[in-house]
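Visitor: Pasting the feature list from TrEMBL:
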type	residues	note
BINDING	E12, K52, D115, S116, G117, K118, S119, S120	ATP binding site
DOMAIN	7-97	domain 'Clp1 N-terminal'
DOMAIN	112-300	domain 'Clp1 P-loop'
DOMAIN	305-403	domain 'Clp1 C-terminal'
Amino acid sequence: MTTRWALEQQTELRIEVPWDSELRLQLVSGAAEIFGYDLPPARWLVFPPAHKFAVFSWTGATIEVDGSTDSIYTENETPMQSYLDVHHLLENKRDQAAKGASSFGPRVIVVGPTDSGKSSLSKMLLGWTSKQGRKPLFVDLDLGQNALTIPGTISAIFVDEPVDPVNGFPLEAPLVYFYGHTSPKGNPDLYKSLMTELAHSSVSQLKRHPEKQSAGMIINTMGWVNDLGYKLLLDAIDSFNADVILVLGQKELHKNLLSEFEGRLSMDIIYICKSEGVVTRDQKLRQWTRNSKMKEYFYGVSSTLLPQQNSIRFSDIHIFQFGSCVGVDPMHLSPVKISQDLVYSVLAVSYAKEPRQLLSSILAGFIYIIEVDFTSKRLWYVAPCPGRLPNNLLLKGSLLWSDQ
Ligand SMILES: Nc1ncnc2c1ncn2[C@@H]1O[C@H](COP(=O)(O)OP(=O)(O)OP(=O)(O)O)[C@@H](O)[C@H]1O
């Protein structure tokens, strides 16, 4: 069933797509955006099941929606103007950097509890600045809901256009580091070291592209903001040398950060309200989203890839993991014995030339194991593309996946 929605200026249409069906949506007239992405006129966009989002119009628009929804309503009380004000402040800093006032544009870190809208705000800020012709670096430190690649990783990519609300970020050569678990709790030392590695490679990337430096970075973080989570946030701020902290929706966190960085004149710590439209996602939805990210990696967003089964001799592959058991140095790298326990394990293929480079090397991609055959002494795996593995050094964490 098709319905029409008239959006007045500065109003948004909040939509939850059901678990079991897709939703089509098109812009009929006026102008509207989804988290910084301008809707093309008269073109149906197809949203997958369980998608939650808002179509916002600054000046008024008519939208057509085709399909059933779990929830759909308009709202004219939104924090969008304050988000745009932050964007203007960042643009000023970028202009200053471009004029040579400093070598880098703002290094913005977005912090806040789970489901406060950090990823959505990051996409808006990236979208708005890329429309000005800038190419900011987007860094995603969220292990559970990483926007760039599979869960259990941290990653970065230059963004030169608004983020497509259906297909997500373009995935040309992101920098990806493998942590291997969906929460930093199990091995915070490893998470911290990987953040440092990603920060170094991000800065080297920026140095290699001086024309992109003034756009700076937008860093999205995980939603764990208490106890160890708070300490890891401080580590992230420190590793990336962040100079703008955007605190979403938690006054106490804002207060704590203000006192933490009291006297640091170069640091802006800005509190911004959470949108009431942000949807709280329960464990089931989070797990479902993680599975879809895995599926997307192997099959493509619209199932356009044909993942390939292949095999490799036990003797031709070396699998390692960090801090494999309690009581062991969490940064200790140990070889993983080949056993049936590997079935359904997701392994990261590293670019490292030798095991001691495994921490600092970025990844070529991921495979998952489907069979351990002791008769032929071969491991059978699935990769997203055909051909031999680009390297024989792989990393394992606790991630499992199968498309069964
Ligand atoms: N204004 C809005 N209206 C409707 N849905 C929204 C709105 N803003 C965000 N959402 C949706 O709410 C969900 C949570 O938002 P988002 O991912 O931005 O939060 P987050 O703080 O990054 O979460 P996490 O800490 O778990 O990564 C997402 O599905 C997002 O698309």
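The backbone N, Cα and C atoms fix where each Cβ goes, glycine too.
Bear in mind that TrEMBL entries carry predicted annotations, made automatically and left uncurated.
Computed from a predicted structure; not experimentally measured.
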Visitor: Taking every protein chain in this structure into account, which of the binding-site residues E12, D115 has the most other Cβ atoms within 10 Å of its Cβ?
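Guide: Sorting the candidates by Cβ neighbours within 10 Å, the top entry is E12.
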Visitor: For the ATP site made of E12, K52, D115, S116, G117, K118, S119, S120, how many Å separate the two farthest Cα atoms?
Guide: 18
Visitor: I'm checking region-level scores; what's the whole-number mean pLDDT for the domain 'Clp1 N-terminal' (7-97)?
Guide: 96
Visitor: What same-chain residues, at least 6 away in sequence, bring their CB to under 8 Å of the CB of S116 (ATP binding site)?
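Guide: Residues satisfying the criterion: G223, L248, G249, Q250, K274, V278.
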Visitor: Comparing the binding-site residues K52, K118, which residue's C-beta has the most other C-beta atoms within 10 angstroms in this structure?
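Guide: In terms of Cβ crowding, the pick is K118.
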Visitor: Does S120 (ATP binding site) have same-chain partners at least 6 apart in sequence with Cβ under 8 Å from its own Cβ, and which are they?
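Guide: Non-local contacts for S120 (ATP binding site): F35, S275, V278.
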Visitor: Taking 10 A as the limit, how many CB atoms besides its own sit near the CB of G117 (ATP binding site)?
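Guide: Within a 10 Å radius of the Cβ of G117 (ATP binding site) lie 24 other Cβ atoms.
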